[in-house]
Amino acid sequence: MSTLARKKGVGAVIWDYLTTVDHKKIAILYLIAGGIFFLLGGLEALVIRIQLAVPNNDFISAGFYNEVLTMHGTTMIFLAAMPLVFAMMNAVVPIQIGARDVAFPFLNALGFWLFFFGGVFLNLSWFLGGAPDAGWTSYASLSLASPTHGIDFYVLGLQISGLGTLIGGINFLVTIINMRAPGMTYMRMPMFTWATFVTSALILFAFPPLTVGLIFMMMDRLFGGNFFDPALGGNTIIWEHLFWIFGHPEVYILVLPAFGIFSEIFATFSRKRLFGYSSMVFATVLIGFLGFMVWAHHMFTVGLGPIANAIFAVATMAIAVPTGVKIFNWLFTMWGGNIRFTTPMMYAVAFIPSFVIGGVTGVMNATAAADYQYHDSYFVVAHFHYVIVGGVVFALLAGAHYWWPKMFGKMLDEKLGKVTFWLFFIGFHLTFFIQHFLGLMGMPRRVFTFLPGQGFETGNLISTVGAFFMAAATVVLLANVVITTVKGKRVGADPWGDGRTLEWAVSSPAPEYNFAQIPLVRGLDAYWIEKMEGKKGLTPAEPLGDIHMPNPSFLPFVISLGLFIAALGFLYNQDYAWGKWVGIVGLLVTLGAMFLRSVIDDHGFHIHKEEIMEAEKKGAGA
Amino acid sequence: MKKWLLNWRLFSLFSLMALLLAGCGKPFLSTLQPAGEVADMQYNLMLLSTAIMVFVIAVVTIIFVYVVIRFRQRKGQENKIPKQVEGSHKLEIIWTVIPILLLIILAVPTVSYTFKLADVKPMNKEKRDKDVVVVNVRANLYWWEFEYPDYGVVTSQDLVVPTDERVYFNLKASDVKHSFWIPAVGGKMDTNTDNKNQFWLEFDSKRAEEAGGIFYGKCAELCGPSHALMDFKVKAVSRAEFDQWIEKMQNAKPVASTDPVVKQGEEIFNKSCIGCHAVTPVDKRPEQARTAPNLANFADRERIAGILEHNEENLKEWLRDPEKIKPGNKMTDTYGKLTEEQIDALTKYLMTLKVE
Amino acid sequence: MHIEEKLTPETFPAEPEKATLEGKNKFLGFWFFLGGETVLFASLFATYLALKDSVAGGPTSEELFKMPLVFVATMLLLTSSLTSVYAMYHMKNFDFKKMQLWLGVTVLLGAAFLALEIYEFNEYVHEGFKFSTSAFSSAFYTLVGTHGAHVTFGLLWILTLMIRNAKRGLNLYNAPKFYVASLYWHFIDVVWVFIFTVVYLMGMVG
């Protein structure tokens, strides 16, 4: 049964990935799918910037612009940033806590396929009558008025992919609670694991409100519901609340893992343990908690009244405190360190000033009375791109360079990596810094063009130029990936030489079973401790023996495919008689696959001791 | 790498200069050139928060630059292992407490201004004072209606307000959500489909004059293809002029023209347009029936369709194909194809609709 | 303890649902899932409360709701929760037959509840209270209907487990499955208590 050390054909490899339940392979799936959606979202961003390069431009039409704008936001948040974060989590967290896999390998695969089919479904809209065009927030009155099926694709696609995210969140919560190696107490967990833990909790509580909102909108658009129709007593503000009760924690769902990634990188390349580890943990938890208390700061201009606005303003400001603690802790991690400017470290270092700008403009936005000016202007666009790009995307790029050898066994080229970094860094600030001023000068966001003579020309042109720098950076990155894959040299367990956490103790890439023997963890930065004591490997916590592994399964793919078919059917429910039936067939496929999963016993298989010993010998030689 | 840094600094310098050259935007549009009480408060808050934030950025940057330069790996140190520091309670308390203090400094005026800006008591008094000006703003797909309920006057696209006093607004939307924003005069408020929002603005006479007497207004909530083109203009005039204008609007009478072309235009208008567009400012119909901009003072307006320069050529362009100018508007295809002659006549007629 | 081990009442652990790592994971993961479900229902309840008076000329809750029917339904579901506790009690005592029996009773009670709910909805529709009548009707059917869908799923789930394991009895592989299914059933019951209070009781006093 073992798949160790077997040469395989292309078909077999594809089948392997379609059925895999191995967290490392699922990480690669997330990375590829998320990467493709990232390119797509980036392309959409370029279209937006080209259209806005000069006043009264007619590069694309107004209606199409709204589709591109909506899909840019939706794709980047749900289909690029989230899955890329999941790629990092899957690649690293189980190994960081000394586990052989996640708690629910089957659900892990299911989570990926749900996200994937949801994303594909959403993008089908381009070819089937038009993409959603009401912004990624899809405010109810506009989205109900939208004439094409675009919004239906949005509503159904996000329900499917949201389900996948929710499953992923539960999986990591249980994994981190139940699967830690002996000695890996909570306060010895690497910062990235902590971030994953808190993020997963946020996912668990933030996604259901979004699902409910999407259900309401689906009911209204496809099944005659009246949740958001004021004529029949509905209320569109309900959508705004539900969306932002999800939407604000979503920011932290993205940015906390980013903080986690940078925490690892700062410690590694400063060759110092993380400064103020306990306060970092506390700050992470606090940010996660406060993240749920502040959603209405997205709604200051809705007319909730001064009391609500004041409360949410002050609560929002409070988040700056734990975030500030983190910034200073990172600075003091570097203080007295031996800093090596590798590509991941460049991103980490550049992240600090970039993210501080995003953070302080966040506080500015929190001042409700002044936010009446900022709200829905380009100031806000600048602010959240500083947070999402300067925080999350920098972290994902850093993490990709940092953990690439662990995922693929080869180092990305450092020279090209630095070229990517500089292009991206310059492009990023060039694009978004000026947008603060455009907003303050009176430019509303989500405009498909602007008229001459309002003072917006220079700023927009600079911004567009910047976007091309980022595009160039992406091209270099892709070239780097290709060159590395073709020509890169295999590396050993700890290719950066300064690895501190457990993932650097196993070969690159890690064997299917991660650890031949589950390690005994003796403190924070478990691998570093062993290294400093002059030991080669980890202290094992168990004798070498057979390792129990989960079976691969095709069912996650089928369950997700069923929902995909069902969504397609229900989308056409009101247009064609077959719509409903296709929808029901799709649901039956899903339920049938779930039924099979329930009735077929799946006890997994064992990798035998001898095979492990052989594999370890080879791995050590690599 | 140093060379890169130098280049980068030069580059930032240049972009900063470019910014200065562009100025802080236009006085009729920019929040950075406030022209009224509300915008002043918001501008003050902006300055205060910016000052605090620049202080924070400066502190971080100083530590950052020092750390990055001082503690970078030097030749011969490749194998040095620095001291592993756990943390420092003293430092951690410092950088928890100082931000809290800074935020309190910011929170106090924020809360106070938030309440001040929401003070709409004068407009909701059971018996409103006679001189309190209230405007009902109704946002529609790509045009704005302004109703002065106390004077029984309806107009659209150009909002006329008295300077140096608080003007109160009732805000709502008739189709999808929009947002009412006059950047130079004060922050925005959404026009919802479910409820009526209220707020006030004040237009400063001196600064209005400096801005040319006209402020630009914008829709700040994505509302469809022509969201970007849903502009309106604000004429801020003295109280006396405002009263005069109201009086003229109340007494506006259609002028019987002797020009046969204008007459022909009027006939076309009465056949094809009057179903939606009213030409008298005293429009007693309920708002649901008012499905298109009131044109009573059309010739006095600042812009055609809210965006084009106000001249006959642009008006003809608009009448020929509104879709080309404002995609997704509700006027397209509501009237038959017009010949050039009809368009000329219609244009002539529309240009006679004025009260001033 | 190994998962496929044949067990006797003596070797059967006190907490069979948590005796294996897989069982422990399932147990914890399912609790988290219920946490998410709680937020889901909380959002539905909040919306219902916001819209319950928006009848838009359609029937109001006072006109619609009938106490006897809802009361019987509530009793059925509460009792089914109790019988599922019995079933779990017998599971822990390694008495497979009695467990199956009580699960069977649970399923019957649940099915009766579901039948009453379908009857109730049918009545409402005949009285002119359709899904698209008003915002109130949409919110009502979505909240109560989501609960009904959970009941249906729970019934199918428990039935599947009962039939699948009918011949082979209890082991540490299926014990956690029975356990989480019963957890699910309790959760459904708790949600119903809230529906009964918030929707029906509050709806009848207005």
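Using the three backbone atoms N, Cα and C, a Cβ is placed for every residue, glycine included.
TrEMBL annotations: computationally assigned, not manually curated.
Per TrEMBL, the features are as follows:
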- B:23-121: domain 'Cytochrome oxidase subunit II transmembrane region profile' (DOMAIN)
- B:130-248: domain 'Cytochrome oxidase subunit II copper A binding' (DOMAIN)
- B:260-354: domain 'Cytochrome c' (DOMAIN)
- B:49-72: transmembrane segment (TRANSMEM)
- B:93-115: transmembrane segment (TRANSMEM)
Per-state residue totals over the domain 'Cytochrome oxidase subunit II copper A binding' (B:130-248) - DSSP helix, strand, coil: 21 helix, 60 strand, 38 coil
For the domain 'Cytochrome oxidase subunit II copper A binding' (B:130-248), mean pLDDT (0 to 100): 95
Helix-strand-coil residue split for the domain 'Cytochrome c' (B:260-354), DSSP-based: 43 helix, 4 strand, 48 coil
Secondary structure content, the domain 'Cytochrome oxidase subunit II transmembrane region profile' (B:23-121) (per DSSP, counts of residues): 64 helix, 1 strand, 34 coil
